[in-house]
Amino acid sequence: MAKYDYNPKYGLENYSIFLPFETSFDAFRSTTWMQNHWYQSITASVVYVAVIFTGKKIMEKYKPFQLDTPLFVWNSFLAIFSILGFLRMTPEFVWSWSAEGNSFKYSICHSSYAQGVTGFWTEQFAMSKLFELIDTIFIVLRKRPLIFLHWYHHVTVMIYTWHAYKDHTASGRWFIWMNYGVHALMYSYYALRSLKFRLPKQMAMVVTTLQLAQMVMGVIIGVTVYRIKSSGEYCQQTWDNLGLCFGVYFTYFLLFANFFYHAYVKKNNRYTEVKKDKKEKEEPVDFEILEPKEDINANIAEPSITTRSAAARRKVQKAD
């Protein structure tokens, strides 16, 4: 269960500027609610999967919606939210491992971030995983490919985050800080993409590389916590949550590594947008819209996605 570990060196006392809703945050009320309702993340996940696949089936009868402006607004909102969360979590995060008497071990074993300013942004982080499911609604309505990596990632992140929040998992400060930072870049990238900006391939590679680094760090932290707890020392993370941690981060690493390989390393990769103008270079798409061409309606006036090799594409072009 959650352990309150308030340290007067952090929280409101560690911030020169704070917002009204941060000072009024009630950690006890928030934690109690999550302990009584965290399992609803599983219910929400089941409903989510049913809705998106039903929606995908229904959309087969309709043309894709043009949602560039709403998509830009949505991604911009999530980018700003993530930037604020990252900035507000950073002072306590740095203090947790760099202040006198603190260490990396302290930062992953003491949940002193669960109240005050960081407590508020931790709660918002957990709740945001529910609202981020809206990402998939845009994919379905725009008839973009819906891949396993996308919906699996959304579902498991939400369930794990809610489970970790109810226990005040100490290593969560690392996961939250990293995720806020990666999402700040990722959603900013998506916002620009929604405005049809031509962005260099390196930007997508940076986002994916940071996502992979996040997974590697998650596994390292999990192993460290396991060793500490196995030695009989105190570390605020339940065995159940630690098991979930290993499971989700290991599978994320495999999935994102597979995506990175096929999108940026392997020649004639599966994840390529084929441009109508042959003078334009083919460029990899982000993991939000990856899928073989067969899943796309042939009448959609958008760049298609193909799994064919370069040789196969040349044959088709000659036949035309």
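Cβ coordinates are placed from backbone N, Cα and C, and glycine is handled just like the others.
If you check Swiss-Prot, you get these features:
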CARBOHYD  ASN14  N-linked glycosylation site
TRANSMEM  33-53  transmembrane segment
TRANSMEM  67-87  transmembrane segment
TRANSMEM  120-140  transmembrane segment
TRANSMEM  145-165  transmembrane segment
TRANSMEM  203-223  transmembrane segment
TRANSMEM  242-262  transmembrane segment
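Within the chain carrying the transmembrane segment (67-87), a Cβ under 8 angstroms from the stretch's Cβ atoms is held by residues 121, 124-125, 128, 132, 134-135, 138, 141-142, 176-177, 180-181, 183-184, 187-188, 190-191, 194-196, all 6 or more beyond its ends.
Long-range neighbours of the transmembrane segment (242-262) within the same chain, counting only residues 6 or more positions beyond its ends whose Cβ lies under 8 Å from a Cβ of the stretch, are 148-149, 152-153, 156-157, 159-160, 163-164, 169, 171, 205, 208-209, 211-212, 215-216, 218-219, 221-222, 225-226, 229, 269-271, 287, 290. Within the chain, the transmembrane segment (33-53) has long-range Cβ neighbours (under 8 A, six or more residues past its boundaries) at 1-2, 126, 129-130, 133, 136-137, 139-140, 146, 151, 154-155, 158-159, 161-163, 165-166.
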